[in-house]
Amino acid sequence: MPKSHPLLANLNPQQIPAVKHFEGPALVVAGPGSGKTRVLTNRVAYLIQEYGVLPENILCVTFTNKAAGEIKDRVRALLGTDKAPAWTGTFHSVCSKILRKDGFNIGVPVSFAIYDSDDQAALIKSILKDFGIDPKKFSPSNVLATISSAKSELIKPSEYEKLAYGYYQKTVAKIYPEYQKRLRKNVALDFDDLLVETVNLFEQNQQVLEKYQAFFKFILVDEYQDTNKAQYVLAKLLALLKGNLYTVGDMSQAIYSFRGADYRNILHFQQDYPNAKVYNLEQNYRSTQTILDAAKSVIKNNSTHIPLDLWTKNGGGEKIVSFTARSEKEEAQFVVDELLYELSQGKSYEDIAVLYRTNAQSRNMEEALIKNNIPYKIVGGLRFYARKEIKDVIGYLPQPQRLRVVGKDYQRPKSRTWPKKR
């Protein structure tokens, strides 16, 4: 197919063969800013338009609902029709649909509820109370994280009990089966159960597995480096029949190991699928060469895999400035000083963005901005002092202290029951 084809027209020489890939396993190693979403969406559109694949026979798995929505919208825009695959979503949403349809085969009720983090925490708290376990030593969040980690590795309560080592794990080994028992009693699953029960369904019912293997003729998985064992097994089970597993990811961007993600899933892809085609996307559209060279220097000694040789047409760009602060306050002040300098050089507030790694860092940054009368807007979250729990606490300070802390007077919350002083 010539490059003049509409679905190939705006692609670079590395992207074109990745989009045109038809049958058989494939791994697209996509560097940051290399246009992987374009490749993924164009490949879906190409399957439908050029290879005649029905949209319903394509399973496209993403890691966020936002990404799933974006892929659907892009495919519709490319094809000019409403032919986007209906089975486009996160592992959890896909598994939820499968369990609603066929979970009854392993005793999962059709009308199951899905517990969110608040529901889970409440359930764990009730178990801790009933078992006489100190929640200060075994916080619900830590217990849930431990159970979640076990589930992501497909470790059942009975297996976890055998593997448990030390006082903490042995205590969690008592909580885990009770937690599952009460979930079942409440006709509920947590998010990890959606994956675990779908694996159970496929492993225990060959007929159901074969139905979905035949139905999903082409399977695409985005951010493959962030898959955990349960997700890895699901993708492998579904692809066993036809082998049309198309994965996109980058070993160098694996950052979710704390959530159970295993970068070895992508590292060993060619061992799992010896006949797999590998496509490297190395042209970066987002950064300057200076930034790319700095990133490459950080991982150049990586012994697990050979990093991509990222390059760009964007030019060298400005030099990178690195500042090592002795404290969070000094770090925030450095940012403010740099910001004030840019403003003095004619930049406007709208030209400047401050990025931080975690929400916990926002407080010192906000305080420094407020202190210097610099207006700002938190994107994708709330200002530190606008958070409900912070406002509640500040509301109980004497008025002079309230003003000293945030420069405004927050009223005490009226709908709170507080313990009486003894």
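Cβ atoms here come from the backbone N, Cα and C positions, even for glycine.
Curation plays no part in TrEMBL annotations; they are all automatic predictions.
As recorded in TrEMBL, the features of this protein are as follows:
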DOMAIN    9-288  domain 'UvrD-like helicase ATP-binding'
BINDING   A30, G31, P32, G33, S34, G35, K36, T37  ATP binding site
DOMAIN    289-422  domain 'UvrD-like helicase C-terminal'
For the ATP site built from A30, G31, P32, G33, S34, G35, K36, T37, further residues of that chain with CB within 8 A of the site's CB center: V39, D250, L281, N284, Y285, R286
Whole-number mean of pLDDT values that fall within the domain 'UvrD-like helicase ATP-binding' (9-288): 95
Binding-site residues: S34, T37 - member with fewest neighbouring CB atoms within 10 Å: T37
Cβ neighbour count within 10 Å of G33 (ATP binding site): 17
Other CB atoms, at most 10 A from the CB of A30 (ATP binding site): 27
Neighbour tally for G31 (ATP binding site), based on other Cβ positions within 10 Å of its Cβ: 25
